[in-house]
Amino acid sequence: MKRILFMGTPQFAVPSLEEFAKNFKVIGVVAQPDKPAGRGKKLTPPPTKVLAQKLGIPIYQPEKKKELIPLVEELKPDCIVVVAYGKILPKEVLDLPPYKTINLHASLLPKYRGAAPIQRAIMAGEKETGNTVMLVNEEMDAGDILAQEKIPIEEEDNFLTLSEKLAKSGAKLLVNTLRLWFEGKVKPVPQNHEEATYAPPVQKEEYRICWKASAESVRDRIRGLYPNAYTTFRGNRIKILKARVVDLEGYPGEIQDTKRLIVACGEKSLEILELISPKGKKMRGEDFMRGYRPQLYEPFNSE
């Protein structure tokens, strides 16, 4: 049985680790160090570490990338599998295993290379995305492709639901591809670099909704940045969780109804269906209207 060194950190990598633990000999899990989380800033282990400990798999959390080289030399894996590890690997590590270093990327490469392919695909209004299994090289997400699988982006999908779908389907694709790779039945296909697009990390300022954009664009931003896209109302921050486009025109950012929470955009309007109130309570738009009683045409982006 082939010896796999698994490298992954967040929840997205958990289904892949589960599948590999069932189908191969996972000799170790490499994850990012524990980080402070929550209001108490308690040191919290990454999800892959929690699963590895449960499965009795050795866990490694190097602080620096250069620590990976002696680790891989010592463990001697047949293949390194990378799923959202969180750092670019040193060149010296990539070719150490006889079956190279393989990565699962949540887009149909060469589209959406980079750290935020799921968010960016939804924010761009894409109707389809998928997973790519590829060889890792020195450039970001530019290695030869071993397998791809398409997945539709449903209208109801947001970052959370689409991430779960891609993580589960990607885990199976990765395991099946690795089996064929070990048997010599997969031929790497170079990417068309001229068609490459990029998915840079989401910046802090992008979470704030700009009502001057079209309603479709704002809705897709809310879906892609779920659950953290926000606006302000009477000086308080409100997170918008779910919205639908309404064929109604008005001044961008102003409330257009007294019973339903409808906000005008640069083109058409959005009905806010679910939100998190300033008090941190998840609620429907209609309940917000009853509780906060906003005035007709009151700005929904006021400081």
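The backbone N, Cα and C atoms fix where each Cβ goes, glycine too.
Its Cβ taken as reference, SER107 ((6S)-5,6,7,8-tetrahydrofolate binding site) is surrounded by 24 other Cβ atoms within 10 Å in the chains shown. Annotation source Swiss-Prot lists (6S)-5,6,7,8-tetrahydrofolate binding site at SER107, LEU108, LEU109, PRO110.
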For the (6S)-5,6,7,8-tetrahydrofolate site given as SER107, LEU108, LEU109, PRO110, which other residues of the same chain have their Cβ within 8 Å of the site's Cβ centre? HIS105, LYS111, TYR112, ARG113, PRO117, GLY130, THR132, ASP141, GLN148, GLN191
Just to be sure I understand the packing, how many Cβ atoms besides its own are within 10 Å of the Cβ of PRO110 ((6S)-5,6,7,8-tetrahydrofolate binding site)? 19
For LEU108 ((6S)-5,6,7,8-tetrahydrofolate binding site), list the number of other Cβ atoms lying within 10 Å of its Cβ atom. 20
DSSP-derived structure type at PRO110 ((6S)-5,6,7,8-tetrahydrofolate binding site), helix or strand or else coil: coil
How many other Cβ atoms are found within 10 Å of the Cβ atom of LEU109 ((6S)-5,6,7,8-tetrahydrofolate binding site), counting all protein chains shown? 25
